[in-house]
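Noted in TrEMBL for the protein shown:
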type	residues	note
DOMAIN	80-462	domain 'Amino acid transporter transmembrane'
TRANSMEM	87-106	transmembrane segment
TRANSMEM	112-132	transmembrane segment
TRANSMEM	158-177	transmembrane segment
TRANSMEM	197-218	transmembrane segment
TRANSMEM	230-254	transmembrane segment
TRANSMEM	266-287	transmembrane segment
TRANSMEM	299-323	transmembrane segment
TRANSMEM	343-365	transmembrane segment
TRANSMEM	386-405	transmembrane segment
TRANSMEM	411-430	transmembrane segment
TRANSMEM	442-461	transmembrane segment
Amino acid sequence: MQMADTSMPNSGNNWWSCLTLNNHQVASESVHGARLAQAHLAKKCSSKCSICVEENKECKCKEHESRVAIAATEHHVKRSSSFAHSVINMIGMLIGLGQLSTPYALENGGWASAFLLIGLGIMCAYTSHIMGKCLDEDSSSKTYQDLGEQAFGTKGRVLASTFIYLEIFFALVSYTISLSDNLPLVFAGVHLRLPHLHVSTAQLLTVIAVLVALPSVWLRDLSSISFLSFGGILMSLLIFAMVLSTAIFGGVSANQSIPVLQLRKIPVVSGLYAFSYAGHIVFPNIYTAMKDPSKFTKVSITSFTIVTTLYTCLAFTGAKLFGPAVSSQITLSMPPHQITTKIALWATVLTPMTKYALEFAPFAIEMEQNLPSSMGRWSRTLIRGSVGSILLLLILALALSVPYFQYVLSLTGSLVSVGICLVFPCAFYLKICRRQVSKPVVVLNAVIIIFGVVLGIVGTISSSKSLIQSMQRGESS
């Protein structure tokens, strides 16, 4: 089994490590995969022990298991990331699909909703900080799921894993909807039709794009697709740069007025903002890779300050440029014939293509790890690829059936991201570090938990209602 060999070669490891932590909302595939592979090898060693006993031979499996564990840990969880590398890793995780919707969210929520955007950034930076405190308590905890188990046992691990996979699934649906929305603009003037099928050009282009990306979910060696993570980060930064270029050189006057506050739209807006900060599931991996983990709090503060500033600038820029006409994705509002728009559209279209294999990786690795050890390599690859293909086609069907980007994104943020970013870290912290937490800190965390729960419930109800209404209007038309 090759699962443990998922990192890049040693030369340039520090720089590459900054790029291989995928942008949007997934566990670090190389570290996560190494730990699962280690568990799988240990499981194989255990089965060999019984054979050794039956054959009356000296058992060396335990020694082999120890060597595997040490080698895997040293190779994949090596503390080699500097402060700067860790900041780049965290920023790369945070900047992604959410940035496309910040101008729409600000325009709909009013300029006063920027305080909610900034406030969520501050709270998420704090919850990142306390996750570091939890990791300090037990060096064996390496992942978000480990923290769940450390705090609440097996139920905590199951709950954390469920939310992680839900976020991955909904994020991929949102990426596919974004792909469907932007492809017709990239291939403007192209008209595709299939006889006897009532399928639009946008839907056909999306099907073709997903089918092109489909073989990537069959790749077994994650090191062969780690370049996709690098591409995803570059695409996100390129989109941001093109929007700013449009504001400066695009000939569009930024003179639109932004309403002060539209309270009835805040629940949906809050989900969009929360999704933009969804990255906490990878933060334990960033912490583990740091040369000096004591600087993790400074990394969190620096990263969230930069990201929150970028989001706020992008939100105001887009809202001032396009006003009430701003689309749920800023790229759809940009002047269609400008080169900056074409670059931004291509970046938006290519981003989902880089996500499918990387986002599916944690689930695929865990699934393969649980397959019988007697199963051959090709059988494992066949099962992994088949399940990945079926899930991707299911995601495609769902995205084409529910093409309402802003409401799906808001639902994901309210239903899943709020829990992962706000509620769970505070609950983990109060449980794991309860003996050293002062009463004011207990109150602070309790307030964040209550705030997160209320925000999640209200946002989920509101975004679900808006999504259902949009679907009904779509069916009637």
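We number each residue from 1, going along the chain as drawn.
Yeah, the Cβs are placed from backbone N, Cα and C, and that goes for glycine too.
Just so you know, TrEMBL annotations never went through curation; they're auto-generated.
These numbers come from a predicted model, not from an experiment.
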Seg_contact(the transmembrane segment (112-132), the transmembrane segment (411-430)) with at least 3 CB pairs under 8 angstroms, min sep 6: yes
Among 158-177, 266-287, 343-365, 411-430, 442-461, stretch most in contact with the transmembrane segment (87-106) (C-beta, under 8 angstroms): 266-287
Folded-back contacts onto the transmembrane segment (158-177), same chain, C-beta under 8 angstroms, at least six residues removed: 24-27, 97, 144-145, 147-149, 152, 206, 210, 278, 281, 351-352, 355-356, 359-360, 362-363, 391-392, 395-396, 398-400, 402-405, 408-409, 411-412, 415-417, 419-420, 424
